[in-house]
Amino acid sequence: MRQQEILQKLLEGHDLSRQEMETCMNSIMENRFTDAGTGAILALLQKKGATPAEVIGACASIVSKSTPVTLDQQAVDTCGTGGDHTGTFNISTAAAFIACGAGIPIAKHGNRSITSKCGSADVLEALGYQVDLPPCATEELFRETGFAFLFAPLYHPSMKAVAAIRKELGIKTIFNMLGPIINPAGVRRQLIGVFDPSVMDIYAEVLLLNGCEHAMLVHGSTGNSMGLDEPSVCGPTSMIELHQGQIIRHTVEPEDFGLGRWDIGELAGGDSHVNAQIIREILDGSAPQAKIDAALFASAITCYVSGKASCIDEGMSLSKGSLETCEALDKMNLIIKTNQRLAQKCASATN
């Protein structure tokens, strides 16, 4: 479809089919549309609200242009949509280390900060992890440690085509929805934190159509008007579980899993160096209990969707064991040490 045809269809309030959206996104990624046209398309899609077919079409386009990486298909991604503006520390990154210490393979897809002070890539760098490790070295890191961080700009170079337009628009677009569902390793097991509960059903349908094996979509309450793209230790958490082709809805409280109920302010983070120190303190057991509980909750769900735990309670036991035995701390140190060694090896090979 030509740019004008897509614009006219969206102006009239019509949805695009999966194929139309994939074709449209291909044109955007390949700079075949004008900047003004691309901006208008993104704004109109946002005003209308993206359908599952449109999201799947956009995903198909971006994934087809992504840099491939081969990891264990049982690996789990822990990520969130961002956008909650609560200023919490990097809960899902801390949880990834705890779960990995419990023997769960992790393939975390992430980026630098967009809506927060500190994205997953930022905090990993502050911990000493080189996020731009080439895919072949990342595969080796995963084989040695069971952990890989997939830095979005490295694996999705086509996204650069819209970076300036997105920044100039200054509004949420369909691209804000795509991060959690375009993991370049093609993971089938995920914990996805969703800031906007109105899009949870869209994510659920997209994940099922994309062949998800076991995933949990979570939206946490903070006890006030703010929401979290994390499971919450501040109030109830709404969950949509996707397992064996079924959609199951839950609402849970932190007390259901032996966790405390905390004020959102007790989960506050800061810049990348502050958040890196928080993660170290969680893993060595010296952090305030509120922060430990938040990381344990996300790790417990990660263990559950991995298949290693039969329920979240069992995932909690595995996660607590990972902390208490220092397996999580040892695993993080091993991951960073191995990452640095492989990065140095790659640098030496190019000199």
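Note: Cβ is positioned from N, Cα and C throughout, glycine not excepted.
Residues annotated as 5-phospho-alpha-D-ribose 1-diphosphate binding site in Swiss-Prot, with sequence analysis given as evidence: G80, 83-84, T88, 90-93, 108-116, S120. What Swiss-Prot lists as anthranilate 1 binding site is G80, N111. What Swiss-Prot records for S92, E230 is Mg(2+) 1 binding site. Swiss-Prot lists R166 with the feature anthranilate 2 binding site. Residues or ranges marked as Mg(2+) 2 binding site in Swiss-Prot: D229, E230.
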Using DSSP reduced to three states, classify E230 (Mg(2+) 1 binding site) as helix, strand or coil.
coil
Specify the count of other C-beta atoms within 10 Å of the C-beta of H109 (5-phospho-alpha-D-ribose 1-diphosphate binding site).
24
C-alpha of S92 (5-phospho-alpha-D-ribose 1-diphosphate binding site) to C-alpha of N111 (anthranilate 1 binding site): distance in Å?
13
Nearest by Cα to N111 (anthranilate 1 binding site), of the binding-site residues G80, T88, R166, D229, E230, is G80
For D229 (Mg(2+) 2 binding site), the one of T88, R112, R166 that lies nearest, given that the binding-site residues are compared by Cα:
T88
Entry from the binding-site residues list T88, N111 having the most other CB atoms no farther than 10 A:
T88
To the nearest Å, how far is the Cα of E230 (Mg(2+) 1 binding site) from the Cα of T88 (5-phospho-alpha-D-ribose 1-diphosphate binding site)?
10
Report the member of D229, E230 (the binding-site residues) whose C-beta atom has the most other C-beta atoms within 10 angstroms.
E230
Residue, out of the binding-site residues S92, R166, whose Cβ gathers the largest set of other Cβ atoms within 10 Å:
S92
Around G80 (5-phospho-alpha-D-ribose 1-diphosphate binding site), which residues of its chain at least 6 apart sit with Cβ under 8 Å of its Cβ?
S92, P180, I192, G193, V194, F195, D229, E230
Under 8 Å by Cβ from R112 (5-phospho-alpha-D-ribose 1-diphosphate binding site), same chain, sequence gap 6 or more:
G119, A121, D122
